[in-house]
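Chemist: The following block contains the structure, expressed as structure tokens.
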Amino acid sequence: MPLNDEEEHHQLLADRLLEEESAYEYSDKVHITGVDDDDDFTKTPPFSWKKLWAFTGPGFLMSIAFLDPGNLEGDLQAGAIAGYSLLWLLFWATAMGLLVQLLAARLGVATSRHLAELCRDEYPKWARLLLWVMTELALIGADIQEVIGSAIAIKILSRGFLPLWSGVVITALDCFVFLFLENYGVRKLEALFAVLIAVMAVSFAWMFGETKPNGVELLVGVVVPKLSSKTIKQAVGIVGCVIMPHNVFLHSALVQSRDIDNRKIGRVREALNYYSIESTIALAISFMINLFVTTVFAKSFYGSEIANSIGLENAGQYLQDKYGGGSFPILYIWAIGLLAAGQSSTITGTYAGQFIMGGFLHMRLKKWQRALITRSCAIVPTLIVALAFDTSEKSLDVLNEWLNVLQCVQIPFALIPLLCLVSREEIMGVFKIGSTMKVISWLVAVLVMLINGYLLMDSLSSAVSGMLFTSVVVAFTGAYIAFIVYLISRGITFPNWFVKNKSISSIDN
């Protein structure tokens with residue numbers, strides 16, 4: 001079957017990209033069986049459960065970012081303070097997160113390169129280095145929350161014998177587990193994450209069963225939108241925790257772990273279909289786990305005097321005080337789920353850090369070297385935090401809020417490059433997003449950035465004091481907005497008639 005101009009353009013792009021670097025070595029990729037030798041490059045093979053299983057994995061690794069300790073703390077605070085009223089927002093925030101992650105997967109599959117690599121080629125040196133710094137800061141902030149979450153769980157399970165700093169050291173060693181499993185293949189690593197997600201699901205479902213939340217109120221909370229002035233902060237926290245900057249970079253690389261012939265449009269379309277299905281299933285499971293946590297604390301503490309003082313460290317003890325020991329103490333059920341969330345998210349953070357550093361800086365290091373560098377960037381500040389805040393739960397909660405603000409600030413530096421790149425035909429070929437999807441994606445991006453901007457301004461307004469500090473904040477805010485405008489301007493493409501008219505006008509002048 002002859003190819004049209006768009007398809008020929010895609011073939012040229014695919015041939016060029018196959019000659020360039022890849023996130024995974026060919027020997028490390030999962031090879032999809034059952035691929036025929038059909039000469040029709042545009043034909044999409046029929047659906048196969050066996051192939052769906054072969055493509056299953058990257059979406060579940062991606063979904064870990066929706067289940068990290070920062071998200072769990074947002075869930076429990078939303079439940080304790082707002083009750084069931086924000087469950088609808090949790091659902092739609094997860095749906096918005098799914099859209100963003102599917103675009104990241106689309107970019108990775110269609111180009112055979114991940115977002116950090118494409119940013120390195122797309123932007124001048126100063127801009128890509130600034131993007132790298134911003135992304136690393138977001139990753140470090142997320143990793144501090146994740147490692148601290150694991151350390152809190154270890155402290156609970158050891159009955160306080162192991163302080164936070166020792167939990168941080170223990171958690172730091174998980175990168176060696178990661179390296180060990182990665183050497184045995186991508187599927188072994190994905191199996192580890194499947195186990196950790198299952199542990200979270202069982203733990204928090206057990207808590208759900210123990211506390212018996214109100215089913216009618218739960219259903220109304222999911223279906224009926226409701227928002228009051230008293231719960232705006234929790235609402236912003238739910239949306240802000242869902243879209244993680246480093247996770248966008250990570251997913252665009254993870255999808256390249258499957259061997260896909262990018263020269264065949266049908267094969268690319270097939271991969272996108274399977275990745276869409278498995279990502280949707282993965283985030284549906286993550287939504288249910290988040291819903292379990294939110295409803296448990298809504299049932300247990302909504303309207304109580306301690307609702308505003310609940311955090312990761314004392315949540316389990318509050319549950320224990322309310323429900324007692326039972327067949328298995330609920331305190332330890334909470335700690336086991338929290339430990340699974342912390343351990344899984346720290347490993348994916350290490351994984352994301354390798355792609356981000358290697359992509360932006362074009363570093364060709366051995367796996368253990370990249371993991372060690374990435375891990376050190378997060379563990380050193382986390383150790384400092386653990387030593388400084390080990391005896392103060394309140395200070396730890398305040399720190400967590402500021403880490404959420406740090407990540408909110410970085411969100412535009414992942415979303416804007418992603419949307420600009422996935423809309424360009426010279427990069428995506430026939431797989432660029434259409435006008436309708438572009439409008440929806442930008443609306444979601446603007447909504448997320450406005451929500452996080454509100455959280456940033458609210459946090460700064462309560463913290464900024466003094467002329468000097470205010471001037472510094474204003475200056476940084478101006479530079480921040482200017483860089484966002486620059487990134488957006490780089491992605492603006494003008495229609496052909498506009499370019500032609502502009503050229504004619506310049507000739508006439």
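Placement of Cβ uses the backbone N, Cα and C atoms for every residue, glycine included.
When I checked TrEMBL for this same protein, it listed these features:
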type     : residues : note
TRANSMEM : 87-109   : transmembrane segment
TRANSMEM : 129-154  : transmembrane segment
TRANSMEM : 160-179  : transmembrane segment
TRANSMEM : 191-209  : transmembrane segment
TRANSMEM : 235-254  : transmembrane segment
TRANSMEM : 275-298  : transmembrane segment
TRANSMEM : 331-352  : transmembrane segment
TRANSMEM : 372-389  : transmembrane segment
TRANSMEM : 409-427  : transmembrane segment
TRANSMEM : 439-457  : transmembrane segment
TRANSMEM : 463-488  : transmembrane segment
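Looking at the shown structure, what environment does each listed feature sit in?
Modeler: Within its own chain, the transmembrane segment (87-109) is flanked in space by residues 23, 58-59, 62, 66, 75, 78, 115, 118, 218, 221-227, 235, 238-239, 242-243, 247-249, 251-256, 260, 262, 268, 271-272, 275-276, 279-280, 283, 286-287, 290-291, 294-295, 415, 418-419, 421-422, 428, 431, 433, 440-441, 444-445, 447-448, which lie at least six positions past its ends and keep a Cβ under 8 Å from the stretch.
Nonlocal intrachain contacts for the transmembrane segment (129-154), taken as residues 6+ away from its ends with a CB within less than 8 angstroms of a stretch CB, comprise 65, 68-70, 72-73, 116, 119, 123, 162, 164-168, 170-172, 244-246, 249, 312-313, 335-336, 338-339, 341-343, 345-346, 349, 352-353, 356-357, 360-361, 377-379, 381-382, 385-386, 396, 400, 403, 406-407, 409-411, 413-414, 417, 483.
If you look at the transmembrane segment (275-298), the same-chain residues 6 or more away from its ends with a CB under 8 A from one of its CBs are 52, 55-60, 62-63, 66-67, 71-72, 75-80, 82-84, 86-87, 90-91, 94, 97-98, 101-102, 105, 109, 197, 200-201, 204-205, 207-208, 211, 213, 217-218, 221-222, 255, 310, 315, 319.
Nonlocal intrachain contacts for the transmembrane segment (331-352), taken as residues 6+ away from its ends with a CB within less than 8 angstroms of a stretch CB, comprise 61, 64-65, 67-69, 71-72, 139, 142-143, 146-154, 156-157, 171, 174-175, 177-178, 192-193, 196-197, 199-200, 203-204, 206-207, 210, 246-247, 249-250, 312, 315-317, 319-320, 371, 374-375, 378.
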Chemist: Which residues, given as numbers and ranges, are at least 6 beyond the ends of the transmembrane segment (439-457) yet have a Cβ under 8 Å from it?
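Modeler: Contacts of the transmembrane segment (439-457) (Cβ under 8 Å, skipping residues fewer than 6 from its ends): 96, 99-100, 103, 233, 236-237, 239-240, 243, 404-405, 408-409, 411-412, 415-416, 419, 422, 433.
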Chemist: Counting Cβ pairs under 8 Å to the transmembrane segment (235-254), which of 160-179, 409-427, 463-488 comes out on top?
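Modeler: Between the candidates 160-179, 409-427, 463-488, the best contact partner of the transmembrane segment (235-254) is 409-427.
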